[in-house]
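Peer 1: Below is the structure I would like to discuss, written out as structure tokens.
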Amino acid sequence: MSTTSTPAAVTQAANERIPEPCVVVIFGASGDLTKRKLLPALYHLEQSGLLPKDFTVVGVARRDLSATFAPDMKDGILKGGGVEAEDPKLAPFMDRVKYFATNFDDDAGFEALKAYLADLDGQFGTKGNRLFYLAVAPEFFADIIARLGKHGMAKPEKGASNWVRVIIEKPFGTDLASARKLNDDVNAVLSEKQIFRIDHYLGKETVQNILVFRFGNGIFEPVWNRNFIDHVEITAAESIGIEGRGPFYEQAGALRDVLQNHVMEVLSFVAMEPPDSFEAAAVRTEKLKVWRAIEPIPVEDTVRGQYGPGKVDGKDVIGYRQEDRVDPESQRETFAAAKLQIENWRWAGVPFYIRAAKRLEKRVTEVTIVFKQPPLHLFKSGGKGSIEPNVISMRIQPDEGISLQFGTKVPGPTTNVAQVNMNFSYAEAFGKSSANGYERLLLDAMLGDATLFAHRDGVEATWALFTPILEAWAATKPDFPNYDAGSWGPQESCDLLAKSGRSWGKL
Ligand SMILES: NC(=O)C1=CN([C@@H]2O[C@H](COP(=O)(O)OP(=O)(O)OC[C@H]3O[C@@H](n4cnc5c(N)ncnc54)[C@H](OP(=O)(O)O)[C@@H]3O)[C@@H](O)[C@H]2O)C=CC1
Ligand SMILES: O=C1O[C@H](COP(=O)(O)O)[C@@H](O)[C@H](O)[C@H]1O
């Protein structure tokens, strides 16, 4: 497929969005996220000319890393790909990367940080504008924000025109009660306008493209409803295991880690009504309506699983219970699936099947829209394949793109029907993109645009749906492990669709 919009035109449009001068302060600076995702994302913004001229990054963590921080981050940027060591923009960018050591519970440290940031304003012309990024374990979220408040860093100074915003990483709570408590703690210091709850899936081009596909074209929306759609599948499959994050995953599991947040965000884009505008309040309102319209989920409509040993990409891999720092009797799920019913005018009667898991056969995140059959099968003599439904597959990752499956006449003297695909590939149309999702979201937060960030009400609405499931799961002992690493999950996951004569599409 060809494209009429050139990448150059796209870049030009993006260039109109340059934030005001500011300091980005990253708490958790020596962590994995900062090195692998955040600094590379900021540098890509710099390369694209999207950072303000007056700009600094300050990493904050507890150890004294002032001598090694910038070189270490440079290493992360180079390893992230797409950047050469001799890139002329790299050295000047690294000169603006600073480090400040303090423990998160140290009041004197926060007071010194405040003075340090004021000093940077003088050196770099950053005008008191602050974007704090909490790239830390969730138990620190509320404490850091409370200390920012206590030390006068959480609000602009009285009468001044500077801004203060805070990006909060996931997970935002572990159930409804903890999410509410965290929201209350955060809202006690910051106004909702200052808070940017990040879900990096919303930064992915292909997730945003769900809205463009639906609302930027005339031909899809008329069929995007219960009259034409049989069911929807959303899969977030990973072939990797828990990657050394045993203690984290033992607490989290697939439902808390991915289903409640990333998958539900994607679902809201697939199911929402057109917003009045592409602005935060309008988009959030429509997303919230979708989540609130979902019927309470019966536990029989959910499936949990845990991988045992198996083969992924031809290599033997260990089971979850054998992973480092995982309980050998662990009951934590590495697979979670559910059938959801959105009881509104558009979707009543259309099941949404969602699943997220580690150590499946391959890494693929996809939305699959399966359409109803035509009312009459004219081509009965067509043989096998003649009555397959139309399917729109929105490939979030990898091989980003969209395809439409439809039946077509096989050449020859009989009326045989074969299924074919019309395919749009991002890579073919636009070339490879280095964006990791964080670029767009960091830029939006610097611009004060919260459209692609979660709102308190939304976070609570999704926890309200899944908390009863977590409670029901905790009350019964599962028969784990129940799927082999490298498979497509437990048999019950197929049964969930088979009950109504459906099956997961081939990915
Ligand atoms: N890593 C990833 O790919 C993803 C991470 N996230 C989320 O991002 C957040 C950060 O994750 P990640 O980078 O992996 O975490 P890490 O465990 O790798 O990093 C934690 C950071 O917090 C600092 N820290 C911990 N305790 C203190 C303290 N008492 N005082 C000062 N600094 C402290 C550490 O500093 P020091 O080195 O000095 O101890 C380190 O910089 C988490 O909420 C995670 O859920 C979300 C999506 C993906
Ligand atoms: O938030 C998380 O997401 C990653 C998957 O992100 P992706 O961009 O690689 O799809 C997941 O591996 C991790 O467990 C989870 O915490």
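We number each residue from 1, going along the chain as drawn.
Every residue gets a Cβ built from N, Cα and C, even glycine.
So TrEMBL lists the following for this protein:
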ACT_SITE  His262  active site, proton acceptor
BINDING   Gly28, Ala29, Ser30, Gly31, Asp32, Leu33, Thr34, Lys35, Arg62, Lys170  NADP(+) binding site
BINDING   His200, Lys204, Glu238, Asp257, Lys358  substrate binding site
DOMAIN    25-209  domain 'Glucose-6-phosphate dehydrogenase NAD-binding'
DOMAIN    211-504  domain 'Glucose-6-phosphate dehydrogenase C-terminal'
Peer 1: Which recorded positions from the set Ser30, Asp257, His262 have a C-beta atom lying less than 6 Å away from ligand 1?
Peer 2: Ser30
Peer 1: Looking at Cβ-Cβ distances, which residues of the chain lie under 8 angstroms from His262 (active site, proton acceptor) while being 6 or more apart from it?
Peer 2: Asp199, His200, Tyr201, Ala236, Ala356
Peer 1: When you measure from the Cβ of Glu238 (substrate binding site), how many other Cβ atoms are you left with inside 10 Å?
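Peer 2: So the Cβ neighbour count for Glu238 (substrate binding site) comes to 19.
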Peer 1: Could you round the CA separation between Asp257 (substrate binding site) and Asp32 (NADP(+) binding site) to a whole angstrom and send it over?
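Peer 2: Approximately 17 Å lies between the Cα of Asp257 (substrate binding site) and that of Asp32 (NADP(+) binding site).
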Peer 1: Among Asp32, Asp257, the binding-site residues in question, whose Cβ has the most other Cβ atoms within 10 Å in this structure?
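Peer 2: Per the Cβ count, the most surrounded site is Asp257.
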Peer 1: Please work out which residue of Ser30, Thr34 has the most C-beta neighbours within 10 angstroms of its C-beta, and give that one of the binding-site residues.
Peer 2: Thr34
Peer 1: Quick one: which of these binding-site residues, Lys204, Glu238, Lys358, have their CA within 10 A of Arg62 (NADP(+) binding site)?
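Peer 2: Of everything listed, nothing lies within 10 Å of Arg62 (NADP(+) binding site) (Cα to Cα).
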Peer 1: Return the residues near Lys358 (substrate binding site) by Cβ distance under 8 Å, restricted to its own chain and a separation of at least 6 in sequence.
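Peer 2: Set apart from Lys358 (substrate binding site) by at least 6 residues yet with Cβ under 8 Å, we have Glu238, Ile240, Gly241, Ile242, Ala254, Tyr307, Tyr320, Thr334, Phe335.
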Peer 1: For each of the binding-site residues (Arg62, His200, Lys204), count the other CB atoms lying within 10 A of its CB, then report the residue with the highest count.
Peer 2: Lys204
Peer 1: Please report the distance from the Cα of Gly28 (NADP(+) binding site) to the Cα of Lys204 (substrate binding site), rounded to the nearest angstrom.
Peer 2: 23
Peer 1: For the domain 'Glucose-6-phosphate dehydrogenase C-terminal' (211-504), would you mind checking the mean pLDDT of the predicted model?
Peer 2: 94
Peer 1: Does any of Ser30, Thr34, Asp257, Lys358 have a Cβ within less than 6 Å of an atom of ligand 2? These are the binding-site residues; tell me which, or none.
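Peer 2: What lies within reach of ligand 2, judged by Cβ under 6 Å, is Asp257.
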Peer 1: Can you tell me the three-state DSSP label for His262 (active site, proton acceptor)?
Peer 2: helix
Peer 1: For a quick check of understanding: given the listed NADP(+)-binding residues Gly28, Ala29, Ser30, Gly31, Asp32, Leu33, Thr34, Lys35, Arg62, Lys170, what is the maximum Cα-Cα distance in angstrom, as an integer?
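Peer 2: So the maximum pairwise Cα distance among the NADP(+) binders is 21 Å.
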Peer 1: Taking the Cβ of Gly28 (NADP(+) binding site) as the centre, how many other Cβ atoms fall within a 10 Å radius?
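Peer 2: Counting Cβ neighbours of Gly28 (NADP(+) binding site) within 10 Å gives 22.
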Peer 1: Give the helix, strand or coil assignment DSSP yields for Thr34 (NADP(+) binding site).
Peer 2: helix
